[in-house]
Each structure stands twice: as C-alpha cells, then as structure tokens.
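Visitor: Please read through the structure below; I'll follow up with questions.
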Amino acid sequence: MSEKKINLLDLDRKAMRALFADLGEKPFRADQLMKWIYHFGVSDFEEMTNINKVLRQKLAARCEIVAPEISSFQKSTDGTIKFAIHVGEGQEVETVYIPEDDRATLCVSSQVGCALECTFCSTAQQGFNRNLTVSEIVGQIWRVSHFLGFAKDTGDRPITNVVMMGMGEPLLNLANVIPAMDIMLDDFGFSLSKRRVTLSTSGVVPALDKLGDALDVALAVSIHAPNDELRDILVPVNKKYPLQEFLAGIRRYIAKSNANRGRVTVEYVMLDHINDSTEQAHELAKLMEDTPCKVNLIPFNPYPGSPYGRSSNSRIDRFSKVLMEYGLTVIVRKTRGDDIDAACGQLAGDIRDRTKRLAKKRMQENQISVTMN
C-alpha cells in the first residue's frame, strides 16, 4: 500500500517549513510554495515555475494540494451565494459568500453539524458529526475563491473578509481552527488583516482563553438573552459557562487584542416575544455595562419546524432605541440570502437530511458488525 500523501492545505507556515526542512530545503522555499497555493490558487506543482524541477518532483511524490469540492450552489436575488461543500463520506457543510460594495465576506464552517443545541438554530437540529480538518476549513476559502476567480496574474483574491460563523462552534475545534486562521492571516497565506477575520462563539470559556493566547482576531459573541434563566434555554452551553463567566472571558480576550479595538461584537437574535421586550433591552444594556461592545441585533430567520418567530420591525426598533439610550452602538443586521436559506441560523437545509441518513446507515453497519462479532 502506498503511503498517504500529505495535504499541504493542512499545514500552516510553521508546519510547512518543518516539512521543507525534512526535505532538505530552505525555509524560503516553503514560503514560495504557500504563495503559489494561496495567492494564485495553484494546485499543480508543475505550474510553480520558481521552484526547481527536482523539488517539484519531491513534492509531487510526497504531497498533494486537495480542497473539498463544491457539490452545489444557490444564488440569492441579493447576490449572496450558498455553497454545499463535500467533505467526504457523504458529508457536506455550507459556506456562504456575501458580496457588498466595499467588501466580499465568506462565512466558513468549522464542524459538520454542531453539538451546542441552540434552540433557534437550524444547524443544531442536524446534531454533531465531526470536526473539520485544517484543509477542510481553509479549503472552503480556496475552493470558493476558485469559483469566483483568482486573478492569477496579479495575485488579487476575490474574498476580503472571513467570518467563522458557519456550521459548528469554532472553539470546540480549536486544534484545527487555530492553524486554519493562522493561514488566513499569514502574509504567504490568504494575507487577511486580523480585523477582517472574525470568530463567533457561543461561550466555551476555557477555549476562548486558549484562542487569546494563540491568535488575535475580531471576536463576535452569541449572547441572545439578557439573563441566565433564558439563555439556559436558548443557548444550553450557558448551563456550563454562565453569562458572568462568559463576559469575564470576553474581557480577558479584548484586553490583549488589537483586532477588536477595545470592544467586542455582541450578537443578539431577535425572537418574537421571547427576548425582545423593552424590559429585556434594559436588562441587556445593564448586563453589558462593564464589557465594551457594539450590539448586532439579528432578525430571526425562520426555518421549517422552528418554534420561534421573527420580531416585528417595531419591536426591534424599540429594543434598539433602549440600548442606544445607554450609549451602546447598535446595528440591526440586514438579512442576506434568506430566500436560499443562507441567512444567519439557517445553515443546514438539505444537508441535515443527508447527514441523518448517513448516520443511520453507519449505525446499521455498526449493529451488523457487532452481531457478526
């Protein structure tokens, strides 16, 4: 059996340089290779013209550059594109491209499914399957960039911002998310500014501290409720890491972060008559009193079977005005891609059904195996 090749998309620059040292090559050769991969979208070693033929042959013998494939895509009337990305074994994740006048953002997944069971989120209904590898995370950016078109002559890339807000909780896959984000930030990787890479978390506090020790990126925090009683229901991880513990972790992170410019983005989904009253707005403002932040109010995006409804515009407006009375910066997020189920909280769709079928098949196979043994 031939030895499995190393997928170079799994390696950040430190790991790439270690590989090249093992090949008897100087570190700058690793940097050259990364530039070909991430600046120009090249996956064929023979196209890497400033790398000598002998090294190209060594690389081809031991390594490969393989990104997950696009299974299908849907384009919204507002230009948003939702991609189903095949990650092997019948599994898919969703990645969303959001074009705007001054930027082009890619919403990237970190897991197949999610284990946190937030009750307003479609992805939670899928359940958790597995963590994505580094190559499957950065490969979403690489593959969508190919779809949109790398400018191979200039190295200009079509994606300016990345948000880790797709399927999964990034902090539960820290071992792969950190090197993946390192590649996003690296000058020889996707070369994105740390203010243009955002990680969103529901509050896995110990992992948030580890992230702060490893990387500096923009942070968005999923609060969604002004007190522990309601948040225990909406975001069950709150039972393990309640609000005050989460907020303390947030303050520790932004204290050592330059990317956040001294404040964090609070995400708050607006659920009709659940968390959107005037009293709850006052409660949220007081909760965030000691945590510098701007608040992003997210109109809920319904999905089939959801127990919640979207807050009316008038309730969102009242809620927003109360927060602003406390001096908070408030943004009401414009819903993008909801006609193709690509909006916040809607990711899963047909993928949920396919994943459940796969899990059922695996369970049946395991039962057969146990019976035979």
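Using N, Cα and C of the backbone, Cβ positions are placed for all residues, glycine too.
Among the features that Swiss-Prot reports, active site, proton acceptor is placed at E94. Swiss-Prot lists 100-339 with the feature domain 'Radical SAM core'. Among the features that Swiss-Prot reports, disulfide bond is placed at C107-C344. Marked as [4Fe-4S] cluster binding site by Swiss-Prot: C114, C118, C121. Summarising the annotation, Swiss-Prot assigns S-adenosyl-L-methionine binding site to G168, E169, S200, S222, I223, H224, N301. Per Swiss-Prot, the feature active site, S-methylcysteine intermediate maps to C344.
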Visitor: Using a 10 Å cut-off between Cα atoms, which of these recorded positions sit near the residue listed as 'active site, proton acceptor': C107, C118, E169, I223, H224?
Guide: C107
Visitor: Reported as an integer number of Å, what is the Cα distance between I223 (S-adenosyl-L-methionine binding site) and C121 ([4Fe-4S] cluster binding site)?
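Guide: One finds 13 Å between the Cα atoms of these residues.
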Visitor: Quick one: average pLDDT across the domain 'Radical SAM core' (100-339), no decimals.
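Guide: Mean pLDDT, the domain 'Radical SAM core' (100-339): 94.
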Visitor: Around the C-beta of G168 (S-adenosyl-L-methionine binding site), how many further C-beta atoms are within 10 angstroms, looking at every protein chain?
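Guide: If we count other Cβ atoms within 10 Å of G168 (S-adenosyl-L-methionine binding site), we arrive at 29.
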Visitor: Would you identify which of the recorded positions C107, C114, C121, I223 has the most other C-beta atoms lying within 10 angstroms of its C-beta?
Guide: I223
Visitor: Here's one to test understanding: among the recorded positions C107, E169, S200, S222, N301, whose C-alpha is closest in space to the C-alpha of C114 ([4Fe-4S] cluster binding site)?
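Guide: The answer is E169.
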Visitor: Expressed to the nearest Å, what is the distance separating N301 (S-adenosyl-L-methionine binding site) and C107 (disulfide bond) at their Cα atoms?
Guide: 16
Visitor: Which residues, sitting 6 or more apart from H224 (S-adenosyl-L-methionine binding site) on the same chain, put a CB under 8 Å from its CB?
Guide: C118, F120, R231, L234, V235, E267, Y268, V269, N275
Visitor: Counting across all protein chains shown, how many other Cβ atoms sit within 10 Å of the Cβ of E169 (S-adenosyl-L-methionine binding site)?
Guide: 25
Visitor: Are there residues of the same chain, six or more positions away from S200 (S-adenosyl-L-methionine binding site), whose CB falls under 8 angstroms from its CB, and which are they?
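Guide: Those within reach of S200 (S-adenosyl-L-methionine binding site), by Cβ under 8 Å and sequence separation of 6 or more, are V163, M164, M165, P170, L219, A220, V221, S222, E267.
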Visitor: Rounded to a whole angstrom, what is the C-alpha distance between C121 ([4Fe-4S] cluster binding site) and G168 (S-adenosyl-L-methionine binding site)?
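Guide: Roughly 11 Å, rounded to the nearest whole number.
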Visitor: Can you give me the Cα-Cα distance between C107 (disulfide bond) and E169 (S-adenosyl-L-methionine binding site) in Å, rounded to a whole number?
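Guide: Cα of C107 (disulfide bond) to Cα of E169 (S-adenosyl-L-methionine binding site) measures 13 Å after rounding.
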